[in-house]
Each structure stands twice: as structure tokens, then as C-alpha cells.
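According to TrEMBL, the protein carries these features:
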ACT_SITE  B:CYS110  active site, glycyl thioester intermediate
COMPBIAS  B:1-13  compositional bias 'Polar residues'
DOMAIN    B:26-172  domain 'UBC core'
REGION    B:1-26  region 'Disordered'
Amino acid sequence: MSGPAYTPTDEELAHLQKLSSEFEPEVTGPLVGERQSSSAITTEYANADPVYRVKTAALPSKYSHYRTCRGDGHCGWRAIAFTYFEALLRLGDRNRFLEEETRLRSMGNLLNSIGFQEHLYEDFADECFDLLRKTESLVSAGNDERAAAELLASFNDVGVSMAIITYFKLLTSAWIQTHPNDFAPFLDLGQDIRQYCSTQIEPSVCEIDHVGMSALAEVLVKQAGFALEVLYLDRSAGEEINTYRFDPVSNDGLPLHNPPTLRLLYRPGHYDILYKMEDVQQPAIPQAPLHVALADYADEFVPMPTSRGMSDVMSLIPGMYPTGLGQNWPSVSYDYNPSPIPQPQMAAVPTYTSVPVPTTSQEYVNTAHHNVPLESPVGMSLNPPMTIERGGPFRPSMYELEPGFQSNHSQSLPFQTSIFRNSHYNTAHFLNPDFQPEEWSPDSEYVTGSRSRHKSASQ
Amino acid sequence: MTTSDISSNSEAKISTPSRSSTSSANVTKRLQTELMSLMMSSPPGISAFPNDENLLQWTATIDGPDATPYAGLSFKLSFEFPNTYPLTPPTVLFKTPIYHPNIDFSGRICLDILKDKWSAIYNVQSVLLSLQSLLGEPNNASPLNGQAAELWDKDPVEYKRLVLARHRDDEETGLGSF
């Protein structure tokens, strides 16, 4: 019956047509999944088109973890909503929750001004405020883990999840309609803004499009001082996944420095959530001691020959002290955590990992403050690159022979704490404007190089 | 949900996963507010009220707009609200027989905002107003009743005759007789 000469009858064709038009992709799985290693994505594409294979192979080293969203036609909205809450949680500052609630409430006027009736949207808004408060109370009780679990559970509750998405959709629609000049040029020719919103933004079932995403980034993400980063995994040319960023600006219009970032992975028709290693660090004891870490750093700034034959001169370079570029610096930067933009110097804000994690690879002196990322994703090894960096292929920069550099550097250090927020692998890079880690070693190039190229993106 | 064949797939998408226990409370609260605002200030030509004890089932009435073939006629409709309302649309049926390009002989309505373009900020009132304007401005590009779509432009007199021929007053119909 399945020979090449077989031709289906009209009824069969009609049946197949019916099956095909009724087909819906599988929409099982949690609305928002557990965080998992992003090497799963690489595995998923291992047998796929070479373009995907190349692009996904590079993924786990930059984005250590990811989280799936159910592909039910809401995933883009949900991914942004969830990561927005998660970013607040990561900051760990209860005031930020209150600020956000106040800010969102104040946008009731925006909703009313374009004719949404309060009694029609208040339930959705309340659901959002409830979750903000619930998370806030857990955070202020110091129970971040429970807060994270609560967040995940809430977003897996269809009622809560959809209410929050609906609320954000309405905010988005209101924003577009009150800023027509920003968005009209991006609509289809002749499309009316109001009509666009009622057919592409407000419907209960409509996936976010680029215009909607820009507007949501404006109204929700950027105003909260967060950045939104979307990685487009498609078959376009190139070896890297294309990245698009929405960056927040401060009140005076300057870009915010190293904002907390919501990261999404876009595959045609679907959004998932991505994390960099530093996003994953559990927020811990709030006031990770800034000065302790600095003192620590200064103490270590002593030339110290190692068994690997590193020359003294090498240790003059910031970051090249024996404890290892990749191991010690990350701990410093984690301690400093990228603080939320409005008060960049507040130490109490987001702190990553101040729990010293004993690591097997520590053969160096000062282990007390080493914080190695808790889990290394497959394909991302922290140690090998450092070893190599200290080895032969290193190309010295002019600064390493510069006398007095070290002392200058040590003195100015306490006043440059913001540098630590840039990159935990390449902090030294900022003290040496011409320092180019990419050129150090072909083997280490991958991990360090990519990090430094995306330093602005790494928080 | 007798008309699941015509309700959109999307409806199923939202309602299948387990819902929070709060959602039915939300439906009730929402419908109560809607009822209240309808009773306080109902636009002319539309009305709606829950059936007996069941807040999830309403009966509504719209008057045919002036200057349309439906002028002077009044139509009863039934609303059935899912537990996921307002995230999913209510099922709306014309109970009064009606001759219209976008409404079939069982009273089922083809209107995007009742299906894939449904938004949670729509409510009974906005649905009724949309239906009222649908009477005067049918979407003849995708008709459920092809003959009506054709006659609308071609032969307004015959169209009007068929509208009147199909229309029955409430006494003759009796709700739920379908």
C-alpha cells in the first residue's frame, strides 16, 4: 500500500489535510522549566544543520545555563516576564521590588489614558503586584532560594502566568500607543497603531513580535534599569549567534554601566531563557566584603614565581599573579557583583557567591576568597585557559615592563572598583587599555576572548 | 461548550494546563464587575444578564442598528464563560435565528475577536457592541453564509426579505431550543 505508485484518494488527502491543519506542535512541558546546563542545546543540535552545529557549539561557553519555556504561543512574553522577576530577585534588594511596584502602579495612568478600563485590567495587574510582594517578602527574610522556587511555581501556574503576561501586554500596547512616532515606522505600511495593538499585542494568544519586544523592553525592562539581550539562533551566515541588545539608559541619557541583563535565546518561533555563569551564582550573604577582597587582591600582588616557570615580570601584570587570572579575578568580580544602576556603588545589592567554594584545582596560596562558579557547564573549563595563558604563546604587552605600574595600580585600585564589574576573567584588561587577552594564546582565546568581547554584556 | 468545533484552537491551548484554584474566583469577580458596570450604564441597544443562578451563563440582547437590514429587530444571544475567562473568550451564540454572512444557521458567529484575536480586556459590553456593528458591516470576505454574502451587495431588497423571513420573535423561538 505504500509503493511508489500509490496515490491517496481524495478522502485520504482530505483526512491528511485535516490532520495537518489541526496539527499543533507539542506544547507539553512546564511553562517555565528548571535551569539546566546549556550544553543540552548543543547536544540537541549535534546532528542538525552545520550552521546550527557551529553556532550552538559556541553557546555553552558563554551562556552556561538555560531554561525552557513552553512553546504555547506565549513563550516570548513569558520569558521576558519571568526573567524580569528573576533579575529583581538576583539583585536581592527588597527596595527594588517596592520601587518596581510603585513604578508599575504609576503606569495605571498610561493604561487609562488609552482607554483600558481599570476594572478590566486590575486583576492582571494585582497578580503581578502580588508576586512582586511575595518575592520581596521572601527576599527580605533572606530566603532567596524559596523566593526563586516561588517564582518558578508562580510562573508555572497558568492563572498567574497568564495574568502577568496579559498585564505586560497591556502595558506594551499602551506604551506603543502613547509613543506612536517610535513605532509607526516599523509597522506594515499603512497599518494603524491602534489596529496593530489590538491584533498583534493585546490578543490573549499572540506571540511577541519585534515591535512588541522593543516596546516591552522600553516600558518594563529598561525602565527598571535592566538590559535585554536576545540571541537569534537561525541559519544566517556566520559562526556566532546574532545578538541583539536593548540597553537601559540613565536619566541623563547615558548608557548604564553593566546593567543586570535578561537573556533570551530565540529560535525561529520560540524563545527560551539563557544565563551566563555569573547570573547563576546564588546570591548569598549580602555584604560581600568589598574591602576584604581588595586587600586580598593587594596582598596577592606580589611577584611570586611558580612551578610553571612564570617569570617575575609576568606577575607585574595585573591579573597575572600566581593565583591565576581566571580563578582569582572571578572571585573578586563576584564579590562586587554588578550592582543595579541607580546606586552603582551600593555593596548591599546583588551579591554573587560569597560562599567560599573549595576547589580541587587550588594549589595556590590564597584560597580563602576563591569562588569558583558552582557548576561548570560541559565544554567550559575554567582551568586550562589559565594554564595556557601563562605559558609560551603569551605575547607581552608594553605595560608589563613599565616600571612603577604596579604601584600606581595598587594605589588607585580602591577607587576603581567599578572595573571589577566588567568581566571576571578580564578585569586586568581594564587597567591596561591596550591589553588584549584574545591575542594571548590560541587555546585560551576561546574562553577569555569571547568574554572580553562581550564584556559589556557580562553581568 | 457545544460549539467546540468552531472555537479556536488557542482556547484549548490555554485551558488545558491545570489552572490555579484562584482562577474561577477571578472569573466570578470579573463577571460581577462587568454586570455591575452594564447595569449602571448600558449603552443603548444592548443588554445582558446572567441566567438564573449561574454566573457563567448569560443571556444578552442587541437591537439591530438603524439604517441596516436589521433595523427594528432585536436579537437574543447566549454567552457561556469558560473558567479561564477573561483569558479565553466566551462562547457566544445567536439564539434568535438570523440571516447574516458571518453567522450560520445554528447561530454560531465568525468574528475574530471571539476567536484568535480575543483579548482579556474585551468584555460582554465590547463583544455586544462589536456584534452590533457586525450586523451593519459584515465581513463578506470569509462568510459562513455564502448566499448572504453574495446578496448583501447584489440584491439588498432580497437580502432584507430573507432577514425578515428568518427572524423570529422571542415567543416563537424559546431559548435553548436548538
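Placed from the backbone N, Cα and C atoms, the Cβ positions cover glycine too.
In three-state terms derived from DSSP, B:CYS110 (active site, glycyl thioester intermediate) belongs to neither a helical nor a strand segment and is classed as coil.
B:CYS110 (active site, glycyl thioester intermediate) is surrounded by 19 other CB atoms, counting those within 10 A of its CB over all protein chains shown. The DSSP breakdown of the domain 'UBC core' (B:26-172), given as helix, strand and coil counts, is 54 helix, 32 strand, 61 coil.
If you take every residue in the domain 'UBC core' (B:26-172) and average the pLDDT, you get 90.
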